[in-house]
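Annotation comment: TrEMBL describes Ser99, Glu169, His197 as Mg(2+) binding site. As annotated by TrEMBL, ATP binding site applies to Arg334, Asp348.
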Amino acid sequence: MQVCCGPQCCTLFTQDAICTLNTLQTNASALEQVRRERGNPQLQLQAMKGFLERAGLTVEELDHLNIIHVTGTKGKGSTCAFTEHILRSYGFRTGFYSSPHLVQVRERIRINGQPIRKELFTKYFWQVYGRLDETKEAHGGTMPAYFRFLTILAFHVFLQEKVDLAVIEVGIGGAYDCTNIIRRPWVCGISSLGIDHTQILGDTIEKIAWQKGGIFKTGVPAFTVKQPTSPMAVLEERAKDIRCPLWVCPELEEYQVGCGPLHLGLAGQHQRSNASLALQLSHAWLQRRCLPGGISQHVFPSTAADSTGVPPAACFKPSPIMIKGLADTEWPGRTQMLRHGTVTYFLDGAHTTRSMQACIQWFKDTCDSILLFNATGERDSAAMLKLLVSCHFDFAVFCPNITEAIASCNADQQNFNVSVENMLTRCLDNERSWRLHNHMGDNPSTQLLIQDSLPLVLENKSDTLVFPCILSALQWITQGRDAVLAGPVKTVIPVKPSVTAKAAPIREAAAIHVLVTGSLHLVGGVLKHIDPSSNK
């Protein structure tokens, strides 16, 4: 048994747990397992149920978590954050499971809005990991992959911590996502749909809508924001097949609020539909909580089997607690603004074309600005960069999701699924796309040279630069004007004099505005450096 002897000891034990967790990141054998399961997606849920039982839990126990289950392409995390904050404001003890994390993996599992404490994470991690490890030989040596394990851990934590409810954000899709072993949620929600994860979910919005509608459960109320006609028709058909009552949320302006327009803690016009969905989800949950017999027929409009179209949800009058909950909601990395003296950071993890359009709408009126961009996986970075051209950035800076070039013990942000070479090559491709969209032409002089260590900087002859890590990019962008980045604990990454000379306009500017976007992992890496509180 590990005995904690103080904060430093607790941190070491937590890092040990996270390093062990990282061994579950997708490797070649796990990828082969995923490929096999993709041909028969039901195997994914069967496997998840087996891992859950090996960890000492049952799907029946999950029924006691009073779950709100939320999926969508854009805005599902923000919807969950609004919903959790509203219900916590009523005095309920909340659990909240989300992904990905920004700085620390503990962010994914929250109790009463706060990441689970280090000592609790360590305690519960080894309880679950130990049970799975002890039983793996009897099951062909199998262990759950990273996200599956964290999902099981979250369920275990919420049961042990006796939460009144759990807000569960789907990982990818819905129908075959490992969170969908939930049998009896209290209410389900679907945020805005779009194109993402096409290799897993399908290459059309209709196929994606079918996957998202897979979280519907018989007799469980479900709500969706307004969707384009074709995916809405798919959701309606899914709801009828599953016999799930489905309603579409009204516009936020339609709610009966006597004190003027609702104020939201999250910036951006796109957050208004997320807030409306959160109001419906929290209202439905509260109705069930207050009516022991379940959802009353008088609470929602009827959904007759022969009706056409998804009926509108009721425009009730939000309570003062709901109004305050929406206003006080915080969700880092999504339309987030941080001011450090003359440097202002605009942080938004937009990673699809639709979410990037929303990000641009939020940011577009900012002048004298610099773009810090990266995109990962199968995301269409060229399409996102084309949209960003309209912001007229003075500089475009690219870097991989590597927090710093010097090796550190930050296990929370390690990714073993892609090589450094591939990450830097992707950055060079992004830089090339940016130049072409800005009619600057390709730059054949840009080279990627990886020998014994990361290159210190990749130099171009224009207003674009590619850096090997997030810290080096931030230090060049801020030019010593952010005290947090210039502190004694930060290693100053040297750059060539010619690269330093390019920054003369930044040094002379009255203020610096930096948009960080394209990847939540990039946003998390930036927050690790500029927001010391995120590392606690």
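Every residue, even glycine, has its Cβ placed from backbone N, Cα and C.
For Glu169 (Mg(2+) binding site), applying a Cβ distance below 8 Å and a minimum sequence separation of six or more within one chain yields Val70, Thr71, Lys76, Gly77, Cys80, Tyr97, Ser98, Ser99, Thr179. The Cβ of Asp348 (ATP binding site) lies under 8 Å from the Cβ of Gly333, Arg334, Thr335, Gln336, Cys359, Trp362, Phe363, Leu515, Val516, Thr517, Val523, each of which sits 6+ residues away along the same chain.
For Arg334 (ATP binding site), other Cβ atoms within 10 Å of its Cβ number 27.
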